[in-house]
Amino acid sequence: MGAVLGVFSLASWVPCLCGGASCLLCSCCPNSKNSTLTRLIYAFILFLGTIVCCIMFHEGMETQLKKIPGFCDEGLSTRITDIMDKECDVLVRYKAVYRISFALAVFFFAFSLLMLNVKTSKDPRAAIHNGFWFFKIAAIVGVMVGSFYIPGGHFNTAWFVIGMVGAAFFILIQLVLLVDFAHSWNESWVNRMEEGNPKCWYAALLSVTSLFYILSIIFAGLLYTYYTKPDGCTENKFFISFNLILCVVISVLSIHPKIQEHQPRSGLLQSSLITLYTMYLTWSAMSNEPDRSCNPGLLSIITHMTSSTLAPANTTAPAPTPAVPLQSGPSLNKENFIGLLVFVLSLSYSSIRNSSNSQVSKLTLSGSDSVILRDTAANGASDEEDGRPRRAVDNEREGVQYNYSMFHLMLCSASLYIMMTLTNWYSPDANFQSMTSKWPAVWVKISSSWVCLLLYVWTLVAPLVLTNRDFS
């Protein structure tokens, strides 16, 4: 009898997989809004896909992947530039990451098209977006399995180009999220400073701003020390110097009287955070430079700095040398983990904030600046305490809280960003017989840093240019 009751109890959860599946999280997050939980579930799916991609780099996976018919037939003798001859055991991991990311990107791009112009949860397509999770996960798995049977060659080269464009787009989205976060942070602290205890909050604001600028200066100094030479690395010298000049310009611009007049909440906190992010993008670009003498690798730099600290005063620590890859093939390095950390923070923040109409409008800079963290506040009808799974509150009957299509497009670009990050932005040839770090990847990243700075400048000057719009 108990077993029968247990079966019926489990059966009550079936609608969560085939209908509005947000009830899967409602037991942990009671009275939560449907708009928030749906985004969290999609983000969790992408996180799972990222974990699967990371597993593909585990030593020994190539043995299993080579069992897939035709998946490794192309690899006879391969070579990673400036490293050593490799077998197909090495590149098969890159190909696996390409296929998994392809499945995720195709799924999210298809949903981006499907969810165009959804206005309320009454739209039948909204039910697909907010539910039917079992079928959507099954679809992703099906596309993943099928993608491993796609012939290589031109697919690999074309997908690399698409991945590079999509990853660059996600870098810009990260900047938009960063600007939004910095503005919200600054506004919150300024409001508290005006409400009471101004000296304390002013000191906190000044301390954090100073910390970001100090870290940026240290970052730039390390880049000059390890990524340039007195008689070489001209491109790196230009990248660092030019971006430093631009960061100084935006910092001065953010406190210009004209800017302050039209946008009083702009300030150095936002500029300091953007400066630090720009230094990160500069380093990320130079870490893909093909010339290994100008790109020593993060592990080599850390080793050199550690040996310099621990070495006796009368000895000199050896200069950093280009890192030698593991004999077993490609693996996740320090650069990968830093890129993944930035990705996780960006996606987590966007899942609860960026995707509202007011926040997605920041992608077009339309000026609305409401906060949607209140979506998680408890209100609406109380859940029945009858043992049935809790249901999320549908807060989108009168209008969606975020742009469904834009959210899926962001996840699509995030999938491509993960693909490029895990594969170190290496470029395959037409037959996937070589993986090389090339200059196009460097220029895509460094150009993204310039576009990011340009976007931030636009957020500052937009109130001066578009005087008929409300940016308050």
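Here, residue 1 is simply the first one shown, and the rest follow in order.
Each residue, glycine too, has its Cβ placed from N, Cα and C.
From a predicted model like this one, the values you see are computed outputs, not experimental measurements.
Annotated topological domain 'Extracellular' per Swiss-Prot: 1-95, 153-158, 224-238, 350-405, 467-472, in sequence order, evidence recorded as sequence analysis. If you look up Swiss-Prot, you'll see Asn34, Asn354, Asn403 marked as N-linked glycosylation site, on the strength of sequence analysis. Annotation comment: Swiss-Prot describes 96-116, 132-152, 159-179, 203-223, 239-259, 329-349, 406-426, 446-466 as transmembrane segment, evidence class sequence analysis. Residues annotated as topological domain 'Cytoplasmic' in Swiss-Prot, with sequence analysis given as evidence: 117-131, 180-202, 260-328, 427-445. The phosphoserine feature in Swiss-Prot is assigned to Ser370.
Secondary structure of the topological domain 'Extracellular' (153-158), assigned with DSSP and counted as helix (H, G, I), strand (E, B) and coil, comes to 5 helix, 0 strand, 1 coil.
The recorded stretches the transmembrane segment (159-179) and the transmembrane segment (446-466) share 3+ CB pairs below 8 A when only pairs 6 or more apart in sequence are counted, and are therefore in contact. Beyond the ends of the transmembrane segment (446-466), by six or more residues, the same chain brings 168, 171-172, 175-176, 179, 183, 239, 243, 246-247, 250, 253-254, 258-259, 262-263, 266, 270-271, 274, 277-278, 281-282, 285, 365, 367 to within a C-beta distance below 8 angstroms of the stretch. The 10 Å shell around the Cβ of Asn403 (N-linked glycosylation site) contains 23 further Cβ atoms across the protein chains shown. In the three-state DSSP reading, Asn34 (N-linked glycosylation site) counts as helix. In this structure, the C-alpha atom of Asn34 (N-linked glycosylation site) lies 14 angstrom from that of Asn403 (N-linked glycosylation site). With a cut-off of 8 Å between Cβ atoms, the residues of this chain six or more beyond the transmembrane segment (203-223) that come close are 186, 189-190, 193, 236, 240, 244, 247, 267-269, 272-273, 275-276, 278-280, 282-283, 286, 301. Residue counts for the topological domain 'Cytoplasmic' (117-131) under DSSP (helix as H, G, I; strand as E, B; rest coil) come to 7 helix, 1 strand, 7 coil. Sequence-distant contacts of the transmembrane segment (96-116) (same chain, six or more residues past either end, CB-CB distance under 8 Å): 46, 49, 52-53, 56-57, 61, 65, 125, 128-129, 136, 139-140, 143-144, 146-148, 150, 156, 159-160, 163, 166, 404-406, 408-409, 411-412, 415-416, 418-419, 422-423. Within 10 Å of the C-beta of Asn34 (N-linked glycosylation site) we count 25 further C-beta atoms, all protein chains included. The DSSP breakdown of the topological domain 'Extracellular' (224-238) into helical (H, G, I), extended (E, B) and coil residues amounts to 9 helix, 2 strand, 4 coil. The DSSP secondary structure for Asn403 (N-linked glycosylation site) is coil.
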